[in-house]
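**Student:** Quick paste from Swiss-Prot:
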type	residues	note
COILED	54-80	coiled coil
REPEAT	104-145	repeat 'WD 1'
REPEAT	146-185	repeat 'WD 2'
REPEAT	189-228	repeat 'WD 3'
REPEAT	316-355	repeat 'WD 6'
REPEAT	358-390	repeat 'WD 7'
Amino acid sequence: MSLSERQREEINRAVAEYLQNNGYSEAFNMLLKEASLSENDIKPLGGILEKKWTTVLRLQRKVNDLEAKLLESQQEINHGAPTRDKRQAADWIPRPPETQKLIGHRLPVTRVIFHPLWTIMASCSEDATIKVWDYETGQLEKTLKGHTDAVNDIAIDAAGKQLVSCSTDLTIKLWDFGQSYDCLKSLKGHEHTVSSVTFLPTGDFVLSASRDHTIKQWDISTGYCVFTFRGHNDWVRMIRISHDGTLFASGSLDQTVSVWSLPRKQRNWYFEIMSMRWSVSKPEGNSTHILFSGSRDRSIKAWNISTGEVIFTLSAHENWVRGLAFHPKGKYLVSVADDKMMRIWELSAQRCMKAIEAHEHFVSTVAFHQTNPYVITGSVDMSCKVWECR
């Protein structure tokens, strides 16, 4: 394809403007001479060369996305799977490529969560910050600073008005979320790294887990610890609460996973495991009390909370399983691991139905939006990614 005389003149003027605006005077004068242009010919074009360049890049990304979706659709047709238009919302799962890659943290991302109502998400990192993003546009909205060491976990209350964070600096912080983003309270009482934190469904209490072997319950109105759960003999790495708020699970480096009764303030049962690192999660809206745990032994286990027995085991990851998240309808489980993969499991068939290479380094965390078709992941590569479900 050859350019017309007018198109060549427009390109010459745009390049000349770029050279002039960026101080390349020698190249600018040489171009004027060789292209038979005068300075009067160089009218302000508003940085048209840069605009065309960025437009080409955006179009190329769109072309790549469309080609990936076309390839995926062709593969689904070849394998007899339903195409996107014929899939029900209950069958939507995350699919590549990612719609956004969020860059801003300076150290590994430790946790990602969605806001329950708005199109924003939050991420925390070993760089001691919490960042708030618009997950549809990829825009960084706010950076929360206050911790002096790695932020290990964050949670948002059901109303979406408050965020709680915990850190290696031994503190738990309560933040206003959505208005001022100010730190409202600092909760102190743990004697070592605070590794996990969660709101009770009522929003008036917070649970925290620590390397000091304890789990504490805090009244957020006063900032006081109202109860300390004891029973683990080593670092309590993670806690997660059931949707009705009556039970919570904890995973520890003492090689046990425990289930506790909040009303009775006691441990219902604990089960010894052969693994050292746990991610525990509880499917929403499930009348049967089932707990899923992911471990350093590369497996995911489903537990009967009433008996403490393993119901089944899912195996496919090739390294530590770091995070779990449930599909809103409870049909699928999403897992991420140090093998850099995100896997989608069909629970009824107990099989891995899709594997996605999610990041260039270990994938440390995952979250599934409860109403909108999005999944987010965070990684040791310091990035977060947004995945559309379809």
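Don't overthink the numbers, they just go from 1 along the chain as shown.
Each Cβ is built from the backbone N, Cα and C atoms, and glycine gets one as well.
Mind mapping these onto the model and telling me what they sit next to?
**Tutor:** Over the coiled coil (54-80) the predicted model carries a mean pLDDT of 72.
Here the repeat 'WD 2' (146-185) has long-range neighbours at 107, 110-111, 113-118, 122, 124-130, 132, 191-199, 201, 203, 206, 208, 218, 220, 223, 238, meaning same-chain residues at least 6 beyond its ends whose C-beta is under 8 angstroms from one of its own.
Taking H, G and I as helix, E and B as strand and the rest as coil, DSSP gives the repeat 'WD 3' (189-228) the counts 0 helix, 22 strand, 18 coil.
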**Student:** Considering only Cβ pairs within less than 8 angstroms, which of the stretches 189-228, 316-355, 358-390 has the most against the repeat 'WD 1' (104-145)?
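**Tutor:** Most contacts with the repeat 'WD 1' (104-145): 358-390.
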**Student:** For the repeat 'WD 7' (358-390), what does DSSP give as the number of helix, strand and coil residues?
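**Tutor:** Grouping H, G, I as helix and E, B as strand yields 0 helix, 19 strand, 14 coil.
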